[in-house]
Amino acid sequence: MKADIHPAYETIEVTCSCGNKFETRSNLCKPLGTDVCNECHPFYTGKQKTLDTGGRVQRFADRFGAFGKKPAATPAE
């Protein structure tokens, strides 16, 4: 590597919106704020929400399932 062409690589403090703080190294050289971290992200905390895609599909089928079908033939007199 060439000398004196690379940015400074220093330890910075990262602060999450939940209040968790940790240190990492970066060339940003100033404190960093983030929205989620491993302490508050739903994937890591186990508080994931599952989407009800089956209910949405069923609701669509209820509304538009008969669309395009021919009406039942009535018996001729």
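Yeah, the Cβs are placed from backbone N, Cα and C, and that goes for glycine too.
Given the structure is predicted, the values throughout are model-derived calculations rather than measurements.
Per Swiss-Prot, the features are:
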BINDING   CYS16, CYS18, CYS37, CYS40  Zn(2+) binding site
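The Cβ centroid of CYS16, CYS18, CYS37, CYS40 marks the Zn(2+) site; residues of that chain outside this set whose Cβ lies within 8 Å of it are SER17, GLY19, ASN20, THR34, ASP35, VAL36, ASN38, GLU39, HIS41, given in sequence order. Neighbour list (CYS18 (Zn(2+) binding site), Cβ cut-off 8 Å, at least 6 residues apart, same chain): VAL36, CYS37, GLU39, CYS40.
In the structure as shown, the Cβ atom of CYS16 (Zn(2+) binding site) sits within 10 Å of 18 other Cβ atoms.
According to its DSSP assignment, CYS16 (Zn(2+) binding site) is in a strand.
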